[in-house]
Amino acid sequence: MRKRAEIEAEITQDDIELIKCEEHNSDEELGDGDEDVNHQQRRVLGIEDMLEGSGGFGNIQIWTFSLCILVGCMSTTFIHTMPFLEKYPSLVCQHEDGKMYFCEKKDICSNGELIPGKKWGIDDHDDQTLTHNWITQMNLYCESNFNIGLLGSVYFVGFVLSGFILMLADVYGRKKLTIIGTFVTTICIYGLFYCTDITHAYIWLFLTGLSIFRLYSIYMLSMEITRKKSQIYISSIFLAGKGLISVMIPSFYFLLGGKNWRIPYSFAIIMAPLLCVLTFFIPESPRYYYERRMYPQLRNLIRKFAKTNGAKMDHNYDIDKEIEDIRLKSKGKSGEKSKFYYLKDRLIFWNLCVVIICFIAVSFDSYLIGFHIKYIKGNLYFLTIVSTVSDCTATMLAGLLQKLLNTKRTLLISYISAMICGLPLIISSDTKWLIPFCIFGAKFGLAVGFNMIYFINSEIFPTLFVSFAFTVGNIFSRSVTIFAPLVAEIPEPTPMKLFCFAALVASGATFLLSSQTKEENPAETRKKDESSKK
(Lines of atoms letter the chains of each structure in order from A and count residues from 1; the text may use other names and numbers.)
(Lines give C-alpha, C1' and ligand atoms only; values in the text may rest on other atoms or scores of the structure.)
Protein backbone atom coordinates (compact mmCIF):
# COMPACT_ATOMS: atom_id res chain seq x y z
CA MET A 1 0.00 0.00 0.00
CA ARG A 2 1.27 3.43 -0.93
CA LYS A 3 0.41 4.96 2.43
CA ARG A 4 2.14 2.20 4.31
CA ALA A 5 5.34 2.55 2.29
CA GLU A 6 5.42 6.32 2.68
CA ILE A 7 4.83 6.25 6.41
CA GLU A 8 7.17 3.39 7.18
CA ALA A 9 9.89 5.30 5.39
CA GLU A 10 9.38 8.11 7.91
CA ILE A 11 9.59 5.97 11.05
CA THR A 12 12.78 6.27 13.05
CA GLN A 13 14.03 3.95 15.82
CA ASP A 14 12.98 6.56 18.39
CA ASP A 15 9.46 6.54 16.99
CA ILE A 16 9.29 2.76 17.29
CA GLU A 17 10.31 2.90 20.93
CA LEU A 18 7.63 5.53 21.57
CA ILE A 19 5.02 3.39 19.82
CA LYS A 20 6.02 0.42 21.99
CA CYS A 21 5.28 2.40 25.12
CA GLU A 22 2.02 3.77 23.73
CA GLU A 23 0.90 0.34 22.52
CA HIS A 24 1.70 -1.23 25.87
CA ASN A 25 -0.65 1.24 27.55
CA SER A 26 -3.36 0.66 24.94
CA ASP A 27 -3.12 -3.12 25.32
CA GLU A 28 -3.56 -2.82 29.08
CA GLU A 29 -6.74 -0.78 28.57
CA LEU A 30 -8.22 -3.21 26.08
CA GLY A 31 -7.01 -6.42 27.69
CA ASP A 32 -6.50 -7.98 24.28
CA GLY A 33 -3.51 -10.14 25.20
CA ASP A 34 -1.23 -8.79 22.47
CA GLU A 35 1.57 -7.66 24.79
CA ASP A 36 4.22 -9.91 23.24
CA VAL A 37 4.05 -8.45 19.76
CA ASN A 38 7.26 -7.60 17.95
CA HIS A 39 6.57 -3.96 17.10
CA GLN A 40 9.33 -3.69 14.55
CA GLN A 41 7.45 -6.18 12.34
CA ARG A 42 4.05 -4.50 12.67
CA ARG A 43 2.29 -2.89 9.74
CA VAL A 44 1.34 0.78 9.57
CA LEU A 45 -2.31 1.29 8.55
CA GLY A 46 -4.55 4.25 7.82
CA ILE A 47 -8.28 4.34 8.46
CA GLU A 48 -9.07 3.16 4.91
CA ASP A 49 -6.73 0.18 5.34
CA MET A 50 -8.40 -0.76 8.62
CA LEU A 51 -11.91 -0.59 7.16
CA GLU A 52 -10.79 -2.68 4.21
CA GLY A 53 -9.09 -5.24 6.43
CA SER A 54 -12.10 -5.53 8.76
CA GLY A 55 -14.39 -6.67 5.96
CA GLY A 56 -15.04 -3.62 3.78
CA PHE A 57 -18.81 -3.33 3.31
CA GLY A 58 -19.93 -6.22 5.49
CA ASN A 59 -22.66 -7.13 7.97
CA ILE A 60 -22.03 -4.22 10.34
CA GLN A 61 -22.20 -1.71 7.48
CA ILE A 62 -25.39 -3.25 6.07
CA TRP A 63 -27.05 -3.23 9.50
CA THR A 64 -26.14 0.39 10.24
CA PHE A 65 -27.07 1.60 6.78
CA SER A 66 -30.48 -0.13 6.85
CA LEU A 67 -31.21 1.48 10.20
CA CYS A 68 -30.06 4.81 8.79
CA ILE A 69 -32.75 4.67 6.09
CA LEU A 70 -35.50 3.83 8.60
CA VAL A 71 -34.41 6.59 11.00
CA GLY A 72 -34.41 8.99 8.05
CA CYS A 73 -38.04 8.11 7.26
CA MET A 74 -39.36 8.77 10.77
CA SER A 75 -40.40 12.39 10.31
CA THR A 76 -39.85 12.88 6.57
CA THR A 77 -43.08 10.96 5.98
CA PHE A 78 -44.93 13.93 7.45
CA ILE A 79 -42.77 16.65 5.92
CA HIS A 80 -42.42 15.37 2.34
CA THR A 81 -46.14 14.63 2.05
CA MET A 82 -47.37 17.70 3.92
CA PRO A 83 -49.24 18.94 0.79
CA PHE A 84 -51.58 15.95 1.29
CA LEU A 85 -52.17 16.88 4.89
CA GLU A 86 -52.70 20.58 4.09
CA LYS A 87 -54.80 20.12 0.95
CA TYR A 88 -58.11 21.93 1.20
CA PRO A 89 -61.06 19.61 0.46
CA SER A 90 -63.66 20.11 -2.24
CA LEU A 91 -66.82 21.50 -0.69
CA VAL A 92 -70.52 21.30 -1.47
CA CYS A 93 -73.03 23.78 -0.07
CA GLN A 94 -76.82 23.84 0.10
CA HIS A 95 -79.03 26.58 -1.25
CA GLU A 96 -82.07 27.69 0.68
CA ASP A 97 -84.20 25.69 -1.78
CA GLY A 98 -82.28 22.55 -0.82
CA LYS A 99 -80.23 22.20 -4.01
CA MET A 100 -76.54 21.31 -3.62
CA TYR A 101 -73.74 23.15 -5.44
CA PHE A 102 -69.95 23.18 -5.43
CA CYS A 103 -68.61 25.96 -3.24
CA GLU A 104 -65.32 27.34 -1.96
CA LYS A 105 -63.71 28.46 1.27
CA LYS A 106 -65.07 32.01 0.92
CA ASP A 107 -68.64 30.65 0.79
CA ILE A 108 -68.48 29.05 4.25
CA CYS A 109 -66.11 31.43 6.08
CA SER A 110 -66.29 35.04 7.19
CA ASN A 111 -63.56 36.87 9.13
CA GLY A 112 -61.75 33.61 9.83
CA GLU A 113 -64.81 31.89 11.28
CA LEU A 114 -67.41 29.50 9.90
CA ILE A 115 -70.63 31.25 8.89
CA PRO A 116 -73.31 30.27 11.43
CA GLY A 117 -76.20 28.32 9.93
CA LYS A 118 -74.43 27.72 6.60
CA LYS A 119 -75.08 24.18 5.41
CA TRP A 120 -72.08 22.62 3.72
CA GLY A 121 -70.08 19.41 3.57
CA ILE A 122 -67.07 17.69 2.00
CA ASP A 123 -67.39 16.27 -1.50
CA ASP A 124 -66.11 12.75 -0.86
CA HIS A 125 -66.68 11.84 -4.52
CA ASP A 126 -63.72 14.02 -5.53
CA ASP A 127 -60.73 11.73 -6.22
CA GLN A 128 -58.27 14.23 -4.71
CA THR A 129 -60.24 15.14 -1.60
CA LEU A 130 -59.31 13.54 1.71
CA THR A 131 -62.18 13.24 4.15
CA HIS A 132 -59.66 13.17 6.97
CA ASN A 133 -56.40 15.17 6.97
CA TRP A 134 -55.02 18.06 9.03
CA ILE A 135 -57.62 20.48 7.64
CA THR A 136 -60.45 18.33 8.99
CA GLN A 137 -58.66 17.02 12.09
CA MET A 138 -57.64 20.48 13.32
CA ASN A 139 -60.71 22.30 11.93
CA LEU A 140 -58.64 24.58 9.67
CA TYR A 141 -61.42 25.31 7.17
CA CYS A 142 -61.21 29.06 7.76
CA GLU A 143 -57.49 29.41 8.51
CA SER A 144 -55.55 31.73 6.21
CA ASN A 145 -53.12 30.32 3.67
CA PHE A 146 -50.35 32.04 5.60
CA ASN A 147 -51.16 30.18 8.83
CA ILE A 148 -51.35 26.88 6.97
CA GLY A 149 -48.08 27.60 5.16
CA LEU A 150 -46.57 28.39 8.55
CA LEU A 151 -46.89 24.70 9.47
CA GLY A 152 -43.99 23.97 7.14
CA SER A 153 -42.07 27.09 8.09
CA VAL A 154 -41.92 26.35 11.83
CA TYR A 155 -40.47 22.95 10.99
CA PHE A 156 -37.60 24.64 9.19
CA VAL A 157 -37.09 27.08 12.07
CA GLY A 158 -36.42 24.04 14.24
CA PHE A 159 -34.29 22.61 11.47
CA VAL A 160 -32.06 25.69 11.52
CA LEU A 161 -31.52 25.49 15.28
CA SER A 162 -30.86 21.76 14.95
CA GLY A 163 -27.69 22.64 13.11
CA PHE A 164 -26.15 24.03 16.28
CA ILE A 165 -26.87 20.76 18.08
CA LEU A 166 -25.27 18.82 15.23
CA MET A 167 -21.94 20.48 16.05
CA LEU A 168 -21.86 18.32 19.17
CA ALA A 169 -21.40 15.27 16.93
CA ASP A 170 -17.72 16.20 16.68
CA VAL A 171 -17.46 16.33 20.47
CA TYR A 172 -19.63 13.48 21.74
CA GLY A 173 -19.76 11.29 18.66
CA ARG A 174 -22.39 10.38 16.08
CA LYS A 175 -24.10 7.61 18.06
CA LYS A 176 -25.19 9.63 21.10
CA LEU A 177 -26.83 12.32 19.00
CA THR A 178 -28.63 9.69 16.92
CA ILE A 179 -30.11 8.08 20.05
CA ILE A 180 -31.27 11.39 21.55
CA GLY A 181 -32.70 12.69 18.27
CA THR A 182 -34.58 9.47 17.57
CA PHE A 183 -36.19 9.56 21.01
CA VAL A 184 -37.34 13.19 20.62
CA THR A 185 -38.66 12.54 17.11
CA THR A 186 -40.70 9.57 18.37
CA ILE A 187 -42.49 11.81 20.88
CA CYS A 188 -43.19 14.38 18.16
CA ILE A 189 -44.62 11.77 15.77
CA TYR A 190 -47.17 10.69 18.37
CA GLY A 191 -47.98 14.33 19.09
CA LEU A 192 -48.67 15.10 15.42
CA PHE A 193 -50.66 11.93 14.93
CA TYR A 194 -53.24 12.89 17.55
CA CYS A 195 -52.97 16.71 17.40
CA THR A 196 -56.28 18.60 17.05
CA ASP A 197 -55.06 22.20 17.46
CA ILE A 198 -52.93 24.20 15.03
CA THR A 199 -50.97 25.87 17.86
CA HIS A 200 -49.96 22.48 19.21
CA ALA A 201 -49.10 21.40 15.67
CA TYR A 202 -46.70 24.35 15.40
CA ILE A 203 -44.95 23.16 18.58
CA TRP A 204 -44.70 19.53 17.48
CA LEU A 205 -43.41 20.48 14.02
CA PHE A 206 -40.85 22.85 15.53
CA LEU A 207 -39.55 20.07 17.79
CA THR A 208 -39.55 17.65 14.84
CA GLY A 209 -37.32 20.05 12.93
CA LEU A 210 -35.17 20.59 16.01
CA SER A 211 -34.50 16.86 16.31
CA ILE A 212 -33.51 16.43 12.65
CA PHE A 213 -29.87 16.32 13.75
CA ARG A 214 -30.49 12.59 14.26
CA LEU A 215 -30.78 12.18 10.48
CA TYR A 216 -27.48 13.88 9.73
CA SER A 217 -25.60 12.24 12.59
CA ILE A 218 -26.60 8.72 11.52
CA TYR A 219 -26.00 9.65 7.88
CA MET A 220 -22.46 10.73 8.71
CA LEU A 221 -22.04 7.56 10.74
CA SER A 222 -23.13 5.39 7.81
CA MET A 223 -20.71 7.18 5.50
CA GLU A 224 -17.83 7.00 7.96
CA ILE A 225 -18.00 3.24 8.58
CA THR A 226 -17.55 2.59 4.85
CA ARG A 227 -14.62 3.06 2.52
CA LYS A 228 -14.41 6.21 0.42
CA LYS A 229 -14.97 4.35 -2.83
CA SER A 230 -18.36 3.12 -1.57
CA GLN A 231 -19.62 6.38 -0.09
CA ILE A 232 -21.26 7.81 -3.22
CA TYR A 233 -23.33 4.65 -3.65
CA ILE A 234 -24.28 4.66 0.03
CA SER A 235 -25.41 8.27 -0.24
CA SER A 236 -27.49 7.52 -3.36
CA ILE A 237 -29.23 4.48 -1.88
CA PHE A 238 -29.93 6.38 1.35
CA LEU A 239 -31.74 9.24 -0.39
CA ALA A 240 -33.61 6.88 -2.74
CA GLY A 241 -34.68 4.50 0.02
CA LYS A 242 -35.82 7.35 2.26
CA GLY A 243 -38.01 8.72 -0.53
CA LEU A 244 -39.51 5.38 -1.51
CA ILE A 245 -40.61 4.51 2.01
CA SER A 246 -41.72 7.93 3.23
CA VAL A 247 -43.53 9.18 0.12
CA MET A 248 -44.60 6.28 -2.08
CA ILE A 249 -46.67 4.47 0.57
CA PRO A 250 -49.07 7.37 1.30
CA SER A 251 -49.05 8.52 -2.36
CA PHE A 252 -50.26 5.17 -3.69
CA TYR A 253 -52.77 4.83 -0.88
CA PHE A 254 -54.41 8.16 -1.73
CA LEU A 255 -54.12 7.62 -5.50
CA LEU A 256 -56.02 4.34 -5.15
CA GLY A 257 -58.86 6.07 -3.33
CA GLY A 258 -57.81 6.19 0.32
CA LYS A 259 -59.37 9.03 2.26
CA ASN A 260 -58.00 8.81 5.84
CA TRP A 261 -54.44 10.11 6.32
CA ARG A 262 -53.81 8.13 9.52
CA ILE A 263 -53.88 4.74 7.79
CA PRO A 264 -50.74 5.07 5.59
CA TYR A 265 -48.90 7.01 8.32
CA SER A 266 -49.47 4.33 10.95
CA PHE A 267 -46.20 2.58 10.07
CA ALA A 268 -44.34 5.58 11.51
CA ILE A 269 -46.22 5.15 14.80
CA ILE A 270 -45.29 1.46 14.89
CA MET A 271 -41.64 1.84 13.83
CA ALA A 272 -40.65 4.84 15.94
CA PRO A 273 -40.45 3.10 19.37
CA LEU A 274 -38.64 0.14 17.82
CA LEU A 275 -36.05 2.44 16.24
CA CYS A 276 -35.46 4.10 19.61
CA VAL A 277 -34.30 0.73 20.93
CA LEU A 278 -32.33 -0.33 17.84
CA THR A 279 -30.21 2.83 17.75
CA PHE A 280 -28.53 1.71 20.98
CA PHE A 281 -26.95 -1.17 19.03
CA ILE A 282 -25.30 0.83 16.25
CA PRO A 283 -21.49 1.30 16.41
CA GLU A 284 -19.67 4.60 16.81
CA SER A 285 -17.88 6.04 13.81
CA PRO A 286 -14.32 4.66 13.42
CA ARG A 287 -13.35 7.86 11.60
CA TYR A 288 -14.55 9.85 14.61
CA TYR A 289 -12.27 7.79 16.89
CA TYR A 290 -9.47 8.18 14.35
CA GLU A 291 -9.72 11.96 14.18
CA ARG A 292 -10.24 12.33 17.93
CA ARG A 293 -7.06 10.30 18.57
CA MET A 294 -9.03 7.68 20.55
CA TYR A 295 -6.79 4.83 19.43
CA PRO A 296 -7.69 2.14 22.03
CA GLN A 297 -11.39 2.58 21.21
CA LEU A 298 -10.59 2.53 17.49
CA ARG A 299 -8.66 -0.74 17.72
CA ASN A 300 -11.43 -2.32 19.78
CA LEU A 301 -14.06 -1.17 17.26
CA ILE A 302 -12.08 -2.49 14.28
CA ARG A 303 -11.80 -5.86 16.06
CA LYS A 304 -15.60 -5.93 16.43
CA PHE A 305 -16.04 -4.97 12.76
CA ALA A 306 -13.75 -7.78 11.66
CA LYS A 307 -15.51 -10.30 13.90
CA THR A 308 -19.02 -9.26 12.82
CA ASN A 309 -18.05 -9.16 9.14
CA GLY A 310 -16.30 -12.53 9.35
CA ALA A 311 -12.99 -11.05 8.22
CA LYS A 312 -9.66 -12.60 9.19
CA MET A 313 -7.62 -9.55 10.10
CA ASP A 314 -4.16 -9.43 11.60
CA HIS A 315 -4.52 -6.99 14.49
CA ASN A 316 -0.77 -6.51 14.94
CA TYR A 317 -0.53 -3.09 13.35
CA ASP A 318 0.18 0.55 14.14
CA ILE A 319 -1.99 3.50 13.13
CA ASP A 320 -0.42 6.12 10.88
CA LYS A 321 -1.93 9.08 12.71
CA GLU A 322 -0.89 7.62 16.07
CA ILE A 323 2.73 7.45 14.94
CA GLU A 324 2.57 11.08 13.90
CA ASP A 325 0.88 12.09 17.18
CA ILE A 326 3.56 10.34 19.22
CA ARG A 327 6.23 12.08 17.20
CA LEU A 328 4.57 15.47 17.78
CA LYS A 329 4.05 14.69 21.45
CA SER A 330 7.73 13.94 21.85
CA LYS A 331 8.41 17.40 20.43
CA GLY A 332 5.88 19.06 22.75
CA LYS A 333 3.29 19.60 19.99
CA SER A 334 -0.33 18.55 19.54
CA GLY A 335 -2.01 16.93 16.56
CA GLU A 336 -5.47 18.33 17.38
CA LYS A 337 -6.88 20.95 15.02
CA SER A 338 -9.65 23.43 15.80
CA LYS A 339 -12.40 24.53 13.41
CA PHE A 340 -10.64 27.87 13.17
CA TYR A 341 -7.52 26.06 11.97
CA TYR A 342 -9.46 24.64 9.03
CA LEU A 343 -11.21 27.92 8.27
CA LYS A 344 -7.85 29.65 7.95
CA ASP A 345 -7.25 27.45 4.92
CA ARG A 346 -8.48 29.66 2.08
CA LEU A 347 -9.43 26.73 -0.13
CA ILE A 348 -11.56 25.11 2.59
CA PHE A 349 -13.20 28.45 3.42
CA TRP A 350 -13.90 29.17 -0.26
CA ASN A 351 -15.37 25.73 -0.84
CA LEU A 352 -17.53 26.11 2.25
CA CYS A 353 -19.00 29.37 0.90
CA VAL A 354 -19.75 27.78 -2.48
CA VAL A 355 -21.30 24.71 -0.87
CA ILE A 356 -23.52 26.97 1.26
CA ILE A 357 -24.87 28.73 -1.85
CA CYS A 358 -25.51 25.41 -3.58
CA PHE A 359 -27.10 24.00 -0.42
CA ILE A 360 -29.45 27.00 -0.17
CA ALA A 361 -30.59 26.67 -3.77
CA VAL A 362 -31.20 22.92 -3.78
CA SER A 363 -32.96 22.98 -0.40
CA PHE A 364 -35.19 25.96 -1.18
CA ASP A 365 -36.14 24.68 -4.64
CA SER A 366 -36.80 21.11 -3.47
CA TYR A 367 -39.21 22.17 -0.75
CA LEU A 368 -40.73 25.00 -2.78
CA ILE A 369 -41.86 22.67 -5.56
CA GLY A 370 -42.79 20.07 -2.96
CA PHE A 371 -45.22 22.42 -1.19
CA HIS A 372 -46.39 24.18 -4.36
CA ILE A 373 -47.24 20.93 -6.13
CA LYS A 374 -50.76 20.97 -4.66
CA TYR A 375 -51.49 24.07 -6.76
CA ILE A 376 -50.02 22.74 -10.02
CA LYS A 377 -52.56 21.50 -12.56
CA GLY A 378 -53.05 17.75 -12.44
CA ASN A 379 -53.64 14.96 -9.94
CA LEU A 380 -51.71 15.77 -6.77
CA TYR A 381 -51.01 12.15 -5.86
CA PHE A 382 -49.94 11.17 -9.38
CA LEU A 383 -47.60 14.16 -9.62
CA THR A 384 -46.16 13.28 -6.20
CA ILE A 385 -45.48 9.73 -7.40
CA VAL A 386 -43.80 11.14 -10.53
CA SER A 387 -41.74 13.41 -8.29
CA THR A 388 -40.72 10.53 -6.02
CA VAL A 389 -39.84 8.21 -8.93
CA SER A 390 -37.71 11.02 -10.32
CA ASP A 391 -36.01 11.47 -6.93
CA CYS A 392 -35.23 7.78 -6.60
CA THR A 393 -34.05 7.40 -10.20
CA ALA A 394 -31.80 10.42 -9.86
CA THR A 395 -30.27 9.33 -6.58
CA MET A 396 -29.55 5.85 -7.93
CA LEU A 397 -27.87 7.32 -11.01
CA ALA A 398 -26.08 10.09 -9.11
CA GLY A 399 -23.16 7.82 -8.22
CA LEU A 400 -22.68 6.80 -11.84
CA LEU A 401 -22.88 10.41 -13.02
CA GLN A 402 -20.38 11.46 -10.37
CA LYS A 403 -17.94 8.75 -11.44
CA LEU A 404 -18.27 9.71 -15.13
CA LEU A 405 -18.31 13.50 -14.81
CA ASN A 406 -16.87 14.24 -11.30
CA THR A 407 -18.77 16.00 -8.53
CA LYS A 408 -18.47 19.56 -9.83
CA ARG A 409 -19.78 18.85 -13.33
CA THR A 410 -22.59 16.68 -11.99
CA LEU A 411 -23.65 19.44 -9.61
CA LEU A 412 -23.61 22.02 -12.43
CA ILE A 413 -25.68 19.86 -14.77
CA SER A 414 -28.19 19.13 -12.03
CA TYR A 415 -28.97 22.82 -11.46
CA ILE A 416 -29.16 23.61 -15.18
CA SER A 417 -31.59 20.73 -15.83
CA ALA A 418 -33.77 21.82 -12.90
CA MET A 419 -33.93 25.37 -14.23
CA ILE A 420 -34.74 24.30 -17.82
CA CYS A 421 -37.53 21.98 -16.67
CA GLY A 422 -38.95 24.65 -14.37
CA LEU A 423 -39.36 27.22 -17.14
CA PRO A 424 -42.41 25.57 -18.85
CA LEU A 425 -44.25 25.64 -15.51
CA ILE A 426 -43.95 29.44 -15.66
CA ILE A 427 -44.87 29.87 -19.29
CA SER A 428 -47.55 27.23 -19.78
CA SER A 429 -48.78 25.66 -16.55
CA ASP A 430 -52.15 24.79 -18.16
CA THR A 431 -50.59 22.28 -20.58
CA LYS A 432 -51.41 19.23 -18.48
CA TRP A 433 -49.60 16.64 -20.62
CA LEU A 434 -46.32 18.54 -20.25
CA ILE A 435 -46.50 19.05 -16.49
CA PRO A 436 -45.49 15.50 -15.39
CA PHE A 437 -42.40 15.65 -17.63
CA CYS A 438 -41.44 19.04 -16.21
CA ILE A 439 -41.91 17.79 -12.64
CA PHE A 440 -39.83 14.70 -13.40
CA GLY A 441 -36.98 16.71 -14.98
CA ALA A 442 -36.93 19.41 -12.31
CA LYS A 443 -36.95 16.93 -9.43
CA PHE A 444 -34.35 14.77 -11.19
CA GLY A 445 -31.94 17.69 -11.30
CA LEU A 446 -32.63 18.69 -7.70
CA ALA A 447 -32.25 15.12 -6.43
CA VAL A 448 -28.88 14.73 -8.13
CA GLY A 449 -27.87 18.11 -6.72
CA PHE A 450 -29.00 17.16 -3.22
CA ASN A 451 -27.04 13.92 -3.48
CA MET A 452 -23.91 15.75 -4.57
CA ILE A 453 -24.25 18.24 -1.70
CA TYR A 454 -24.55 15.37 0.78
CA PHE A 455 -21.57 13.60 -0.71
CA ILE A 456 -19.34 16.60 -1.30
CA ASN A 457 -19.18 17.40 2.42
CA SER A 458 -17.65 14.00 3.12
CA GLU A 459 -15.50 14.21 0.01
CA ILE A 460 -13.74 17.57 0.24
CA PHE A 461 -13.68 18.42 3.96
CA PRO A 462 -11.61 16.83 6.78
CA THR A 463 -13.56 14.40 8.97
CA LEU A 464 -13.61 16.68 12.04
CA PHE A 465 -14.82 19.52 9.83
CA VAL A 466 -17.62 17.53 8.14
CA SER A 467 -20.33 17.99 10.79
CA PHE A 468 -19.37 21.67 11.07
CA ALA A 469 -19.77 22.03 7.29
CA PHE A 470 -23.11 20.19 7.51
CA THR A 471 -24.16 22.50 10.32
CA VAL A 472 -23.23 25.74 8.58
CA GLY A 473 -24.76 24.56 5.31
CA ASN A 474 -27.96 23.53 7.06
CA ILE A 475 -28.22 26.75 9.06
CA PHE A 476 -28.02 28.93 5.96
CA SER A 477 -30.05 26.68 3.66
CA ARG A 478 -32.84 25.96 6.12
CA SER A 479 -32.99 29.62 7.16
CA VAL A 480 -33.90 30.44 3.57
CA THR A 481 -36.07 27.33 3.21
CA ILE A 482 -38.24 28.61 6.09
CA PHE A 483 -39.88 30.82 3.46
CA ALA A 484 -40.46 28.02 0.91
CA PRO A 485 -43.87 26.92 2.32
CA LEU A 486 -44.97 30.57 2.46
CA VAL A 487 -43.75 31.33 -1.07
CA ALA A 488 -45.59 28.21 -2.27
CA GLU A 489 -48.87 29.86 -1.21
CA ILE A 490 -48.26 32.89 -3.50
CA PRO A 491 -50.37 32.79 -6.69
CA GLU A 492 -48.68 31.45 -9.83
CA PRO A 493 -46.30 31.98 -11.57
CA THR A 494 -44.22 33.74 -8.88
CA PRO A 495 -43.16 30.55 -7.03
CA MET A 496 -41.73 28.91 -10.16
CA LYS A 497 -39.97 32.14 -11.18
CA LEU A 498 -38.12 32.11 -7.86
CA PHE A 499 -37.45 28.40 -8.38
CA CYS A 500 -35.66 29.03 -11.68
CA PHE A 501 -33.77 32.04 -10.32
CA ALA A 502 -32.35 30.04 -7.40
CA ALA A 503 -31.22 27.26 -9.77
CA LEU A 504 -29.55 29.86 -12.02
CA VAL A 505 -27.60 31.39 -9.11
CA ALA A 506 -26.45 27.95 -7.93
CA SER A 507 -25.30 27.06 -11.45
CA GLY A 508 -23.05 30.11 -11.47
CA ALA A 509 -21.72 29.35 -7.98
CA THR A 510 -20.78 25.80 -8.97
CA PHE A 511 -18.19 27.15 -11.40
CA LEU A 512 -16.33 28.56 -8.39
CA LEU A 513 -15.99 25.20 -6.59
CA SER A 514 -12.33 24.22 -6.20
CA SER A 515 -10.85 20.77 -5.72
CA GLN A 516 -9.73 19.94 -2.18
CA THR A 517 -7.83 17.03 -0.70
CA LYS A 518 -9.83 15.81 2.28
CA GLU A 519 -7.04 14.49 4.49
CA GLU A 520 -3.29 14.70 4.33
CA ASN A 521 -1.11 11.69 4.94
CA PRO A 522 0.72 12.20 8.25
CA ALA A 523 4.03 11.50 6.53
CA GLU A 524 3.23 14.11 3.88
CA THR A 525 2.22 16.58 6.60
CA ARG A 526 5.54 16.05 8.31
CA LYS A 527 7.43 16.71 5.10
CA LYS A 528 5.50 19.94 4.57
CA ASP A 529 6.17 21.06 8.15
CA GLU A 530 9.89 20.34 7.81
CA SER A 531 10.13 22.06 4.42
CA SER A 532 8.30 25.12 5.78
CA LYS A 533 10.82 25.39 8.61
CA LYS A 534 13.64 25.38 6.11
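Cβ atoms are placed via backbone N, Cα and C, with glycine included.
Feature annotations, reproduced from TrEMBL:
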- 60-79: transmembrane segment (TRANSMEM)
- 148-169: transmembrane segment (TRANSMEM)
- 176-195: transmembrane segment (TRANSMEM)
- 201-221: transmembrane segment (TRANSMEM)
- 233-256: transmembrane segment (TRANSMEM)
- 262-283: transmembrane segment (TRANSMEM)
- 347-369: transmembrane segment (TRANSMEM)
- 381-401: transmembrane segment (TRANSMEM)
- 410-427: transmembrane segment (TRANSMEM)
- 433-456: transmembrane segment (TRANSMEM)
- 463-488: transmembrane segment (TRANSMEM)
- 494-513: transmembrane segment (TRANSMEM)
Legend entry - Which of 233-256, 262-283, 433-456, 494-513 contacts the transmembrane segment (201-221) most, counting Cβ pairs under 8 Å: 262-283
Legend entry - In contact by Cβ distance (the transmembrane segment (233-256), the transmembrane segment (347-369); 3 or more pairs under 8 Å): no
Legend entry - Whether the transmembrane segment (494-513) meets the transmembrane segment (176-195): three or more C-beta pairs under 8 angstroms: no
Inset, instruction - Among 176-195, 262-283, 410-427, point out the range having the most Cβ pairs under 8 angstroms from the transmembrane segment (381-401). - result: 410-427
Legend entry - Same-chain residues at least 6 beyond the ends of the transmembrane segment (148-169) whose Cβ lies under 8 Å from its Cβ atoms: 79, 82, 86, 134, 140, 177, 198, 201-202, 205-213, 216-217, 220, 367, 371, 467-468, 470-472, 474-475, 478-479, 481-486, 488-489
Inset, instruction - Report, as numbers and ranges, every residue of the chain located at least six residues beyond the transmembrane segment (176-195) whose Cβ falls under 8 Å of a Cβ in that stretch; write 'none' if there are none. - result: 71, 74-75, 78, 137-138, 165-166, 168-169, 201, 203-205, 207-208, 210-215, 217-218, 221, 262, 265, 268-269, 272-273, 275-276, 279-280, 282
